[in-house]
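A short worksheet on the structure shown next.
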Amino acid sequence: MFADSRASHYQRIADARDSQEDALSRTDGLHSDTEQPPHREHTGSEPHSDPTVDPASPQCLDQWDDVFSNSLDLILPRTDGNSHWKDHKPASDPETKHDVSAYPLVDFDLQKYTSTRKFKGQKLVYFTSGFVSLFVSLFGYEQGVCLGILTFVTFTKYFNHPTASEIGLVISVLEIGAMVASLLVSRVLDRFGRKKTILLGTAVFIVGGTMQSFAPNLWVFGVGRVFSGVGVGFLSTMVPLYQCEISPVEERGKLVCGEFTGNIAGYCLSVWVDYCCYFLQSIGDARTRPHSFWAQLSWRLPLFVQVVLGFVLLVGGFFIVESPRWLLDVDDNVRGFHVLCLLYSDDADPQKAQNEFFLIKNSILDERRTTPKLERTWSHLFRHYPRRVFISCSVLAYAQFNGINIISYYAPLVFVKAGFNNSNALLMTGINSVVYLASTIPPWFLVDRWGRKPILISGGLSMAICLLAIAGVMRLDIAATPLLVAMLVIIYNASFGYSWGPVGFLIPPEVYPLSVRSKGVSLSTASNWFANYVVGQLTPILQEGIGWAMYLFLASSCVLSVLTVYWVYPETMGVELEDIDKLFEEHNEKYIGLGTSDLDAFELEDLGLLDNQGLR
């Protein structure tokens, strides 16, 4: 009875679509004069290449009734009792046939696009990924440099000994600016593309760095931090998303993990620049005359270094390629295929670029067939992808609550609390940053072999053990406490550097479909900066209030994060971005109890045939 009811619903819809197709077939300009069969074999390509035709219009959608038929095949019960997913090929299936005639404006000739280019293929992929990783070094540098110069006597005297609340506000506005920018950048990403967003974020960052470098008072310095925060928010959202979209699936993890290496390289550079400029305070009367040349140079020079780096990256940014997925999403098919040819020109399969073109384009068209008016809204993101929102936001929030910025931001204070004097504390911070940087390299070779989850779990457990040991050693307060704390902090940083740091930025852009990827990554990055802000505000209070016991709370967060990864997170290693929906098919089983794709269930729901109890 229930199966008959479902079949009758679909029969009525199919009849309605057939009637609509008959009406549309009589409309001038929609079909050719040649008689068309009522149902065509599905080719997976778009019906129109004319950019003036809306791909989501009823005219275009109804030329693909076979898609609706395929959805029925997935949803209606099988007589053998098996799941339809067992026979449903993924989007990346190599046996899929493609109709190149559906794209008359695209010349599917690899040699035409690559014969005159010497810099292409794997070299282009590696260079582009490595270069955009340097953009992330800007906010790594910005995060580290300010905390160093705040300890300079010349800095505090120049700004008339700012209070603790003023210092706290100046530090925190960076995170606030980054959090707000992360939420707003999704509109820029979808409208102007990945490349222009990177350039815009870099330009804003340069403005902020310049204001800080030449600030006459603390107010201007704080406004400069806000601008830098906005630039950081743009770049921290954009770079991992961009790297995911240009990387081959077998190397996606390695290339995105390289982004975190760039971040820590910037942090490491800031620590050593601060350490070197610290000694400029000893030249002449710099300590007694805060407005003298050497006094101002001691703290302005570290800030100006980031401006120079920003200008170099801004110029180089004009030469990187645009994301092919964004180009195809806005129906710039010719340029999109051109970029794919450049990225895959030396692949062993000569049809690789063409196959990737159809894989991405078909996925885009599938998404357009489902709730086109809602597909890029925040409500659609939360309504249809709640598990993915939780995963992408929690992985970056855990990275902060697991204590990394307490150790990194306040490393000098941690070493002072352990018994080091000021100069040795700065030196130990520098040594720690070098080890931290080195620890980010192993994930390049492990993340696409071991997988994401094993790295997160092993790193989380190692961090928890280190934090528990730090709490115990500081509680005992023995003669060897400074040395033991230094060793444990370095091991902790290395554990984070090979696990939650790089993989934390890899997972968010992997789990979302293209239609909501920019919004999903924006939201996850905002959660990172919110958690960063909370940790920054609570750390001084907890260090003064409970001392060593603070590390017990951090250790408990590490354990909780490990359990969350084990029970909730999927393994995305080796999965094409266009096939990620398959990992979340259980999301729809709560509706109909069958292994349908996300898009099939959403289509039924929007047709009014589906609710939380099942099919009506």
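Placed from the backbone N, Cα and C atoms, the Cβ positions cover glycine too.
Remember, TrEMBL labels are computer predictions, not curated facts.
Pulled from TrEMBL:
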type	residues	note
REGION	1-57	region 'Disordered'
COMPBIAS	12-51	compositional bias 'Basic and acidic residues'
TRANSMEM	124-155	transmembrane segment
DOMAIN	128-573	domain 'Major facilitator superfamily (MFS) profile'
TRANSMEM	167-185	transmembrane segment
TRANSMEM	197-215	transmembrane segment
TRANSMEM	303-321	transmembrane segment
TRANSMEM	389-413	transmembrane segment
TRANSMEM	425-447	transmembrane segment
TRANSMEM	454-474	transmembrane segment
TRANSMEM	480-500	transmembrane segment
TRANSMEM	548-569	transmembrane segment
Among the ranges 124-155, 167-185, 454-474, the one whose Cβ pairs under 8 Å to the transmembrane segment (197-215) are most numerous: 124-155
Same-chain residues at least 6 beyond the ends of the transmembrane segment (303-321) whose Cβ lies under 8 Å from its Cβ atoms: 124, 128, 131-132, 134-135, 137-138, 141-142, 145-146, 149, 195, 198-199, 202-203, 205-206, 209-210, 212-213, 246, 269, 273, 339, 342-343
Winner by Cβ pairs under 8 Å against the transmembrane segment (480-500), considering only 389-413, 454-474, 548-569: 454-474
Within-chain partners of the transmembrane segment (389-413) [C-beta distance under 8 Å, separation at least 6 from its ends]: 143-144, 147-148, 151, 267, 381-382, 422, 425-426, 428-429, 432, 436, 456, 460, 463, 467, 489, 492-493, 496, 500-501, 503-505, 507-508, 511-512, 520-521, 523-525, 527-528, 530-532, 534-536, 539, 543, 550-551, 554, 557-558, 560-561, 564, 568-570
